[in-house]
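Note sheet for the following structure.
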Amino acid sequence: MRGSLRESYCHLPRGEPPSPQPSPRLRGEGEDRACMAAIDYDVELRRAGAYATGGWRRVLFLAQRHVLGAAGLVIMTLFVLTAIFADFIARYDPLTIDSTRALMRPSLAHWMGTDSFGRDVFSRIIHGARISLAVGIGSTTLGGTIGVIVGLTSGYLSGWVDLVFQRVSDVLQALPLLVLALIMTAALGPSLPNVIIAIAIPLIPTVSRVVRANTLALRELPFVEAAKSIGMSEVRIALRHVLPNTLAPLIVLATAQLGSTILTEASLSFLGLGIPEPYPSWGRMLSESAAEYVRTAPWLVIFPGIAISLAVFGANLFGDALRDILDPRQRG
């Protein structure tokens, strides 16, 4: 942040005071608006002393400016900590069956009750967070990595390579994410690695198009031409100069997709094609109880549903805040 958004979007040297006029090096009305938004944001940060003090002051300022984003960050932090320390938080073994405790209401002994097999619902939800986090991060990382490679190659090389990659992307995007994930899991079979692969594949076209669009714009800029003129290889230019400048929108996109991947995994498990038994999955917990116990044991539906909603809600709030911070052009 010390370089400030002003220098990033207005191409101004560090230390130069903000000017009400956008830099003449910018092209187009959209970039002019981005520059002015960056200048306004930079001025606000400097008035708050965010650049002149430590990192905690900067974090507090951003949290005050983006209250919902801070709430989303808190939710996601709790979600991650719950997944990491599930073995210490859970009060019972989530896989232990005890028919004598079947369908017990929430109590001090079982905070969220028990299911039809006598398994503690609270412990299963805690361990289910670990599976949701593994699927969310795993599929986002896998799909994002492949998408970056495809988008960077397609945008930088252009020509027939770009044509082939984009037509393949069109085919993948012709089907909704859930439908394509259903097809993949049905073909690969229900397991944690297969679910990660099935959810990652539909993410590739979205990531590749974002990277491609940024690459097409960046490869025409003077610093790329200068790198070519000194004999730098195409691969080195793409990896060292083009790719780092696409990271901001990629971070925003990855955070937004995290909530989508969690919801997709829950949907697949609800339909019986996700994480197999006996491993706890929020979607499977819903499918086991939605039809038979929704009236007699509503806690079996309410608590897994709340867990899914909070995880997706937190990821979306945090993703929106990151978009506003890292990409002023998207700020509403």
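Each residue's number is its place along the chain shown, starting with 1.
Backbone N, Cα and C atoms are what each Cβ position is placed from, and that goes for glycine too.
Residue ranges 108-132, 133-157, 208-232, 233-257 are listed, and TrEMBL annotates 133-157 among them as transmembrane segment. The list of residues near the transmembrane segment (296-319) in space but at least 6 beyond its ends in sequence, with Cβ under 8 angstroms from a Cβ of it, reads 68-69, 71-76, 79, 103, 105-106, 112-113, 115-116, 121-122, 125, 128-129, 132, 136, 252, 255-256, 258-260, 262-263, 266, 282-283, 285-286, 288-290. Within its own chain, the transmembrane segment (67-90) is flanked in space by residues 120, 122-123, 126-127, 129-130, 132-134, 310-311, 313-322, 324-325, which lie at least six positions past its ends and keep a Cβ under 8 Å from the stretch. Here the transmembrane segment (177-204) has long-range neighbours at 131, 134-135, 138-140, 142-144, 146-147, 150, 169, 257, 260-261, 264-265, 267-268, 271-276, 279, meaning same-chain residues at least 6 beyond its ends whose C-beta is under 8 angstroms from one of its own.
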